[in-house]
Amino acid sequence: MTKPIITFNNVSKTFEDSGTQVLKNINFDLEEGKFYTLLGASGSGKSTILNIMAGLLDASSGDIYLDGERINDLPINKRDIHTVFQNYALFPHMTVFENVAFALKLKKVDKKEIAKRVKETLKMVQLEGYENRSIQKLSGGQRQRVAIARAIINQPRVVLLDEPLSALDLKLRTEMQYELRELQQRLGITFVFVTHDQEEALAMSDWVFVMNEGEIVQSGTPVDIYDEPINHFVANFIGESNIINGTMIEDYLVSFNGKEFESVDGGMRPNEPVEVVIRPEDLQITLPEEGKLQVKVDTQLFRGVHYEIIAYDELGNEWMIHSTRKAIEGEVIGLDFTPEDLHIMRLNETEEEFDARIEEYVEMDEPEDGLINAIEEERNEENL
């Protein structure tokens with residue numbers, strides 16, 4: 001890892017008036033030029049971390065570093081960090097130009113330089129020609145672009161974004177995800193994004209921190225977080241999951257529903273109680289006699305791209321299946337899956353223990369060398 005641009009070292013926060021501890025020994029290093037997301041439900045502590053970075057809140061204990069310099073006592077205006085707030089915090093009585101130029105005017109930058117940089121920045125956020133437009137006459141998406149332009153015009157080392165997409169409708173929110181990600185990559189500025197939306201975090205981030213009750217439960221790439229959740233909370237919080245109690249018979253062999261199945265997980269004690277995760281999209285519907293499990297369809301909903309089917313096995317376990325095929329309520333179907341579709345979770349495993357075990361024991365698929373090569377490989381395997 002290169003020298004971190006931001007470091008949190010054992011940072012905790014307790015509100016003195018209520019005695020509530022909202023952050024518990026937070027530790028992380030952020031690299032320059034990456035897109036990071038703090039993901040968690042309301043009250044998980046994610047916005048508190050953002051406010052401590054910005055200097056809006058003081059940490060109760062621990063150290064915060066910006067580019068190697070301890071900044072716990074550094075005033076907000078001395079930190080090379082800019083924040084985009086949820087409500088955008090724009091000046092309603094000013095034009096787009098005046099809002100974006102505000103920070104440059106405070107620094108007494110030359111007027112010609114201000115005009116040049118405002119024009120360049122508005123072009124970056126697709127608001128070229130909006131300089132004289134009143135803020136009050138802009139749409140929600142346009143206001144958000146103004147807030148982002150104001151945050152990046154000084155080319156800060158870090159931009160903090162506190163749920164800036166939450167007020168937008170679904171279509172515009174999706175468009176802005178692409179725009180934000182592309183803008184961050186083009187500028188090379190470190191973005192720290194706060195959201196409760198799992199899909200948003202997975203789609204935009206280089207690295208995700210999953211938070212719960214003031215702690216970082218798991219951190220990793222979006223693919224790692226989704227495919228290898230550390231515990232029940234993460235598996236449930238990130239996407240949809242079928243979570244079944246099981247027993248790890250030995251390395252790469254797990255038992256649940258009274259049957260034994262091959263897996264790609266290891267590094268656990270023989271006959272250790274575990275939880276088994278199978279994502280709904282990884283379950284294939286087949287004939288009852290051909291399935292590894294048999295379930296009875298209870299209900300289904302059409303979700304546009306797939307049917308969401310709820311079924312129950314003979315032990316009463318609920319199964320969610322995503323399928324492009326429509327089922328019939330009351331019919332018995334078979335469920336098939338591969339060893340790679342099973343993810344085994346130990347009970348009460350720390351992130352350090354989890355990472356070490358995954359690296360040593362879990363058999364990971366080799367990365368695909370593009371879609372075309374992957375399709376050709378599949379066809380070659382079918383022809384063997």
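The count begins at 1 with the first shown residue.
Even glycines carry a Cβ here, placed using N, Cα and C.
As annotated by Swiss-Prot, domain 'ABC transporter' applies to 6-238, with the evidence given as sequence analysis. According to Swiss-Prot, the feature ATP binding site maps to GLY40, ALA41, SER42, GLY43, SER44, GLY45, LYS46, SER47.
Looking at the domain 'ABC transporter' (6-238) alone, the prediction's average pLDDT is 91.
Listed binding-site residues: SER42, SER44, SER47; maximum Cβ neighbour count within 10 Å falls on SER44. In terms of local Cβ density within 10 Å, GLY40 ranks first among the binding-site residues GLY40, GLY43, GLY45. Of all Cβ atoms in the shown protein chains, 11 besides its own fall within 10 Å of the Cβ of ALA41 (ATP binding site). Sequence-distant contacts of LYS46 (ATP binding site), defined as residues of its own chain at least six apart whose C-beta falls under 8 angstroms from its C-beta, comprise LEU38, LEU39, GLY40, VAL194, PHE209, MET211.
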